[in-house]
Amino acid sequence: MRKIILMRHGESEWNLFNRIQGTKQVSLTDKGKKQIEQACFELLANKNLQISKIITSPLDRAKESASICQRILNLPMVELDYFRERSFGELEGKTLQEIRLQYKISDIEELEDDRFGIESVQSLIDRIDRGLKELKVTYPNENLLIITHGSVIKWIFEKYQAEKIGVISNGEYRCIKI
């Protein structure tokens, strides 16, 4: 693997209401589909990338996004669980405002709290690491497009680039060499 392009899925129904999605299955909005189409046309215009394959999280919002990419970019697609969103346990489906008011939690991304059944950050990072190692072995000389989720992209950049990147917008993508 030479380069990976990390793309966050398009806007989902729950993004509209600031609901924590985690591992819940949520569909894209029409706007989300357009965001992915726009991103794909940008990728097509960049002749330096030469992407050979699409890797996607198994969650519906990512798979829907990946299917749009597959149609536009005309590339094969592989689904890998390593790149699914972090599980936020009992907090999934609640809005950020509800979580702040009810539980006095301000930053859910950094939350490490067993009482809600949330996947630990270390577990997420270990899972992502296993996935990236598998990709390096399986696709050593290819540029890959990974359709994934905000927290996955955040932690990849923090671990491999020592860079805090803030919020990744729906349909936004970033390139990285690992």
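Positions of Cβ are set from backbone N, Cα and C atoms, glycine also.
Nobody curates TrEMBL annotations by hand; they come from automatic prediction.
Between the candidates Arg61, Arg71, TrEMBL assigns the substrate site shared with Arg8, His9, Gly10, Glu11, Ser12, Glu13, Trp14, Asn15 to Arg61. For Arg8 (substrate binding site) paired with Glu85 (active site, proton donor/acceptor), the C-alpha to C-alpha distance reads 11 Å. When the record's substrate-binding residues Arg8, His9, Gly10, Glu11, Ser12, Glu13, Trp14, Asn15, Arg61 are compared pairwise by CA position, the greatest distance found is 15 Å.
Neighbouring residues of the recorded substrate site, listed in sequence order and excluding Arg8, His9, Gly10, Glu11, Ser12, Glu13, Trp14, Asn15, Arg61, comprise Gln21, Val26, Leu28, Thr29, Gly32, Asn170 (Cβ within 8 Å of the Cβ centroid). Taking all protein chains in view, 27 other C-beta atoms sit within 10 angstroms of the C-beta of Arg8 (substrate binding site). Cα spacing between Trp14 (substrate binding site) and Glu85 (active site, proton donor/acceptor): 14 Å, rounded to the nearest whole number.
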